[in-house]
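Remarks on the structure that follows.
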Amino acid sequence: MISNEVPTDGSLLPLMEEFYTIQGEGYHTGKAAYFIRLGGCDVGCHWCDVKESWDANVHPLTKADTIIDHAAQYPAKTVVITGGEPLIYNLDYLTKGLHKAGIKTFMETSGAYPLSGEWDWICLSPKKFKAPLPEVIEAAGELKVIVFNKSDFAWGETYAKQMPAGKKLYLQPEWSKAQQMTPLIIDYVKAHPQWEISLQTHKYLNIP
Ligand SMILES: C[S@@+](CC[C@H](N)C(=O)[O-])C[C@H]1O[C@@H](n2cnc3c(N)ncnc32)[C@H](O)[C@@H]1O
Ligand SMILES: Nc1nc2[nH]cc(C(=O)O)c2c(=O)[nH]1
Ligand code: SF4
Ligand SMILES: [Mg+2]
């Protein structure tokens, strides 16, 4: 559910949680980063691993300035803004403030909402349930396709074709199907080496 009480200038955002950890997925796997998880998503992935994020109204509206102050306390000087679906909100204020504080801005998004914010890296993970917008496909540094069943390889190719040349392409097993899908992903990447495997390494490492 999307809250209608969030001001449109992005100075206040529904914050579900923030934590300092290691990026577990995709291109920046293995790097320390401060995660900022915004509440609110209506994309409705049945396998979403953070359904508690969906209702924006249960997550306290928090000053973007406060979030920036928190992020600045950590040595990595990189944030990952995730959710929920972060692009539901205007992220210009938050990301400009992070940049002013010398912090790099990375985002995890489904791309289903208009692009806002100043980004050093965008991970686009498109969803069947609400398609990504062309402007987000254009701006993304990586495409991360979640593989829940065999048909997701062909579906993922339709997005790979839309990515600008030279962008990173990842196949990531849906967590509950990882046992069955990971061997198929391995075979697929061997046959189609423009793709790489992304694993949710934080779940194997038992870290947030
Ligand atoms: C929880 S989402 C939040 C950001 C945004 N809503 C999105 O979907 O990109 C963060 C990342 O986790 C991935 N993800 C969510 N549930 C997953 C699952 N059960 N298995 C594997 N990846 C998952 C998403 O595709 C996305 O790349
Ligand atoms: N360690 C760690 N890496 C992540 N990469 C993307 C995540 C997300 O939920 O957006 C995530 C997460 O929740 N934890
Ligand atoms: S778009 Fe992201 S947060 Fe929303 S339901 Fe799908 S995986 Fe979960
Ligand atoms: Mg996660």
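Residue 1 is the first one shown; counting continues down the chain.
Glycine is treated like the rest: Cβ placed from N, Cα and C.
In sequence order, Thr29, Gly30, Lys31, Ala32, Ala33, Val80, Phe106 make up the list of same-chain residues 6 or more apart from Gln23 (substrate binding site) whose Cβ falls under 8 Å from its Cβ. Residues annotated as substrate binding site in TrEMBL: Ile22, Gln23, Gly24, Arg37, Thr82, Pro208.
Marked as [4Fe-4S] cluster binding site by TrEMBL: Cys41, Cys45, Cys48. Taking a C-beta cut-off of under 8 Å and a sequence gap of six or more, Cys41 ([4Fe-4S] cluster binding site) has these contacts in its own chain: Cys48, Ser53, Trp54, Gly83, Gly84, Glu85, Ile88, Ser110.
Among the features that TrEMBL reports, S-adenosyl-L-methionine binding site is placed at Trp47, Cys48, Asp49, Gly84, Ser125, Pro126, Lys127. Long-range Cβ neighbours of Trp47 (S-adenosyl-L-methionine binding site) (same chain, at least 6 residues apart, Cβ-Cβ under 8 Å): Ile146, Phe148, Glu174, Trp175, Ser176, Lys177.
Residues annotated as domain 'Radical SAM core' in TrEMBL: 28-208. In the predicted model, residues of the domain 'Radical SAM core' (28-208) average a pLDDT of 98.
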Among Trp47, Cys48, Asp49, Gly84, Ser125, Pro126, Lys127, listed as contacts of S-adenosyl-L-methionine, what is the widest Cα spread in Å, to the nearest whole number? 15
Just how many other Cβ atoms lie inside 10 Å of the Cβ on Gly84 (S-adenosyl-L-methionine binding site)? 29
Contacting binding-site residues for ligand 1, chosen from Trp47, Thr82, Ser125, Pro208 when the Cβ sits under 6 angstroms of any of its atoms: Trp47, Thr82, Ser125
Within the same chain, and leaving aside Ile22, Gln23, Gly24, Arg37, Thr82, Pro208, name every residue whose CB is within 8 angstroms of the centroid of the CB atoms belonging to the recorded substrate site, in sequence order. Phe19, Thr21, Glu25, Ala33, Phe35, Val80, His202
